[in-house]
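Trainee: OK, TrEMBL features for this one:
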- 1-107: region 'Disordered' (REGION)
- 39-50: compositional bias 'Low complexity' (COMPBIAS)
- 65-83: compositional bias 'Polar residues' (COMPBIAS)
- 84-104: compositional bias 'Basic and acidic residues' (COMPBIAS)
- 162-178: compositional bias 'Basic and acidic residues' (COMPBIAS)
- 162-214: region 'Disordered' (REGION)
- 192-202: compositional bias 'Basic and acidic residues' (COMPBIAS)
- 265-540: domain 'MYST-type HAT' (DOMAIN)
- Glu441: active site, proton donor/acceptor (ACT_SITE)
- 519-544: region 'Disordered' (REGION)
- 525-537: compositional bias 'Polar residues' (COMPBIAS)
Amino acid sequence: IVHVGSGSDGTEDSDSSAEREQTNSSESDGNIPKRTRLTRASLRLSQSSQDTLDVKQDESPPLTPTGNAPSSESELDISSPNASHDESLAKDPALRDSDKDLSHRPKRRRCHETYNFNMKCPTPGCNSLGHLTGKHERHFAVSGCPLYHNLSADECKVKATTREKHEEEAKVQEESNRHATRHQTPTSRQTRYKEQVTEMRKGRNSGLSKEQKEKYMEHRQSHGNTREPLLENITSEYDLELFRKAQARASEDLERLRIQGQITEGSNMIKTILFGRYELDTWYHSPYPEEYARLGRLYVCEFCLKYMKSQTILRRHMAKCVWKHPPGDEVYRKGAISVFEVDGKKNKIYCQNLCLLAKLFLDHKTLYYDVEPFLFYVMTEADNTGCHLVGYFSKEKNSFLNYNVSCILTMPQYMRQGYGKMLIDFSYLLSKVEEKVGSPERPLSDLGLISYRSYWKEVLLRYMYNFQGKEISIKEISQETAVNPVDIVSTLQSLQMLKYWKGKHLVLKRQDLIDEWKSKETKRGSNNKTIDPSSLKWTPPKGT
């Protein structure tokens, strides 16, 4: 047992606000399309069918470029209650007051889009009544259709009531355990729950009977892709219920985005993108121009990130595109892995396209076009055709809260291969060179939180393994690893290595966790993807 030194106070985090940048340039062919500015002030749905959405549109819209740029884009005014990048709004009164007073803008025309309650669910035989979440009376997309999920509207309501009851019980239990002393071993309640889950999962690999297989095949032949396959008896009831909860939560998130007006009733959402040799299914909505979003399928150049409407256009573009790696300076290279530092001010179009691409796989990202205050560190993997995008993270040039990451993403085709941890490790390596303590900007996505927790755990266990002293200070750990003390404390708590005893906080050096980490580290061997500090050729930027 060793004593713990003092840590630092936590800080409140904020989201980023998204503002569409206006640029004036032309392509070599001289064709400059017009851009429409669309301000979506609010969308309020009520029980009556009189609800409307106000849309303001310029008669004389500004011009935009067409080359490697967001071309012919509609402009969404996306706001956040806690905007951390309001400097651009303060500089431009027109942007700052756009939601307050539009009287100074010349020649506006107003039109109304009535919310269409006559829309129907695309599932054959569905009357659009009910919702998978059990909280809404109607649905307009397959994601919320009870019939598609082989359920009735009443069954969805019963399941919703059961889920709410379980969530309330979990909250009560969490409140009761919040101030309790953390134990090195699981509590009796946790042990009983683990035994129950183990018992419920015993029969999940028993397989299907002949009658069940025939029933499932008949269901598939009758309904094809218009219904979800039957899932009963494929796995345990416990795992199936977890899957149903995840479906309901995702459906609720999509419904919330639809009500807020960020996506329309199931039409203008990109479903897939063709990116290099991969076809990727998208996870979230991204505010691409409406003329591209309504296609449902987007074609993206993997080097310059320009987006196109068809494979023919992409093929012609690839024949002429001279880009084989991201713009900016290559600051790291080891083997086939490289990292490029891209300035959002110098390469605005590339960074905007990168943010739009990232939003397809990130839920909490709100910054798309105000990229000038940021540096983007793009990781690539090289082969004989060029440097292929693996992932990236963005970082504020001047962060008063010492955030070393504003947004981080690993492309889906490279997930679960160690690249995410490499990106996180690289961000902390930059913090060490700057002689600062860093932390990621909140809120983190679900996958981001898992990745950071895993990284912090590995850093702390490695430090404990190499530590030979008797007393340890969280401040010393922070200075050596560049990890924020708040993140160190939260990780120690999750590992049950922090205990309050006789008026002092103590760190428990759990040898079992350290031995487990060391054995995994040995198995990985030389194939482990790590960042080599000696391969970094970078000096901190001076001013912006």
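Glycine too: its Cβ is placed from the backbone N, Cα and C atoms.
These figures come from a predicted structure and were not determined experimentally.
Context for these features, please: burial, neighbours, distances.
Mentor: Same-chain neighbours of the compositional bias 'Basic and acidic residues' (192-202): 186, 236-239, counting only residues six or more beyond its ends whose CB sits under 8 Å from a CB of the stretch.
If you draw a 10 Å sphere around the CB of Glu441 (active site, proton donor/acceptor), it holds 22 other CB atoms from the protein chains shown.
When the region 'Disordered' (519-544) is classified with DSSP, helix, strand and coil residues number 12 helix, 1 strand, 13 coil.
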Trainee: When you scan the chain for residues with a C-beta under 8 Å from the region 'Disordered' (519-544), skipping those not six or more beyond its ends, what do you find?
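Mentor: The answer is 331-334, 337, 341, 345, 373, 375, 397-398, 417-419, 421-422, 425-426, 429-430, 432-434.
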Trainee: Limited to the domain 'MYST-type HAT' (265-540), I'd like the whole-number average of pLDDT.
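Mentor: Averaging the confidence scores along the domain 'MYST-type HAT' (265-540) gives 90.
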Trainee: Can you break down the compositional bias 'Basic and acidic residues' (192-202) into helix, strand and coil residue counts using DSSP?
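Mentor: For that range the per-state counts are 10 helix, 0 strand, 1 coil.
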